[in-house]
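Notes for the one structure printed next.
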Amino acid sequence: MTVNEIDLPPIFCPLESARHPRAHLVDERAREWIRTSPMCTTDEERTWVAASCSTDFFARFAPDAATDDRLLWTSLWVYWGFAFDDHRCDNGPFSNRPAAFSALAGRVQRALEAPSARDESDGFIPALQEIAAQFRSFGTPLQVRRFAAAHRAWLSGVTWQIGNAAAGRMPGLDEYVAMRLLSAGGEPPFAMLELATGLEVPAQDLERPAVRALTEMAIMVAALDNDRHSLRKELARGQTDQNVYSVLMQETGLPLQEAVAAATRLRDRVLLRFMAVHDRVRPGAGLELSTYLQGLRYGIRGNAEWGLRVPRYLSLGRVPDPMDEAPLEWAESPADDDRSAPRGLPTVAWWWDDALLGV
């Protein structure tokens, strides 16, 4: 099936849309930082990094960011993350060498956590350290540690993914879902919600099973949406190694179009469960937790809006196109309104545990 033949259904997402009112001004500062950042070595790289429109992305996650500086530096991590993903994870010299990537990931993570660490071997490392220094300047120690843990989780998932690719191994759907919760990079942006708003969620709230389930479900919905967003570009480039569609095709024998339909049904069932658990948890939440839960909602919707327009996914040429500002079409109802846990996915079946609703 060719790129033009695949039919991607509209996204079901009846959640609130919002964007920080000063996102455009903040992005001007972000792009100036990119122009001088050591993570980019050519003008073409800088152009494609800017084409991720990462301030627009995170301004939709945190439309209530407390200050422009908080939005700037959290958005700059998103710019950094997409660039690192493109040049060190999905492509480049580490993309099929798990041992080499694991060593790089260890150095990157230590540089994030230790302000005294020095490593000039890769331009991404000093760029990340500059961002981390700003996080420490305005975040609480706990917020910074939570972000570091989320960052480590992401790198572990990417290592898992690269290991599969190097071995020519296609995971089953249950394993893929477990891996994608990490490798999709959803943990760091949601951990940055606290850094952006300045509100620290008490540990007894953030670590509650229902809240952890909501965080994981938000990550999974966004991850499956990103598989959708990137499908046409991956088909055009022949890079369909590990996404939800290739996994379903391998496991079930479905053709691509039917795999798209099956993945859409799974995604919508997760979103419906997210909404049900959210509506039980939110009424009793204090300010900090309520703000975080709203951030999860903003993040799901914002990721969908951004992904449907961003040149990172839509541009197939060597030069990115402008941001697509055309009106978006949304599905009016879910592709599957079954409220039970999907079969064959024990790794996430606990999201449907009735105990989560006993808040």
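Think of each number as a place in line: the chain as shown, counted from 1.
Glycine is treated like the rest: Cβ placed from N, Cα and C.
Copied over from Swiss-Prot, here are the features:
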{"type": "BINDING", "residues": "ASP85, ASP90", "note": "Mg(2+) 1 binding site"}
{"type": "BINDING", "residues": "ASP90", "note": "Mg(2+) 2 binding site"}
{"type": "BINDING", "residues": "ARG180, LYS233, ARG312, TYR313", "note": "substrate binding site"}
{"type": "BINDING", "residues": "ASN226, SER230, GLU234", "note": "Mg(2+) 3 binding site"}
{"type": "MOTIF", "residues": "85-90", "note": "motif 'DDXXXD motif'"}
{"type": "MOTIF", "residues": "226-234", "note": "motif 'NXXXSXXXE motif'"}
> Residues of the same chain, at least six outside the motif 'NXXXSXXXE motif' (226-234), with any C-beta under 8 angstroms of its C-beta?
Replying inline: 3, 6, 8, 11, 180, 184, 240, 243-245, 260, 263-264, 267, 303, 307-308, 310, 313-316
> For the Mg(2+) 3 site given as ASN226, SER230, GLU234, which other residues of the same chain have their Cβ within 8 Å of the site's Cβ centre?
Replying inline: ASP227, ARG228, HIS229, LEU231, LYS233, ASN243, TYR313
>> Using only C-alpha positions, which one of ASP85, ARG180, TYR313 is spatially nearest GLU234 (Mg(2+) 3 binding site)? These are the binding-site residues in the record.
In response: TYR313
> Sequence gap of 6 or more, C-beta under 8 Å: which same-chain residues meet both conditions with respect to ASN226 (Mg(2+) 3 binding site)?
Replying inline: ALA184, ASN303, GLY307
> To which of the binding-site residues ARG180, LYS233, ARG312 does the lowest count of other Cβ atoms within 10 Å belong?
Replying inline: LYS233
> When the pLDDT values for the motif 'DDXXXD motif' (85-90) are averaged, what is the result?
Replying inline: 78
> Around ASP85 (Mg(2+) 1 binding site), how many other C-beta atoms are within 10 angstroms of its C-beta?
Replying inline: 17
> Quick one: DSSP breakdown of the motif 'DDXXXD motif' (85-90) into helix, strand and coil?
Replying inline: 6 helix, 0 strand, 0 coil
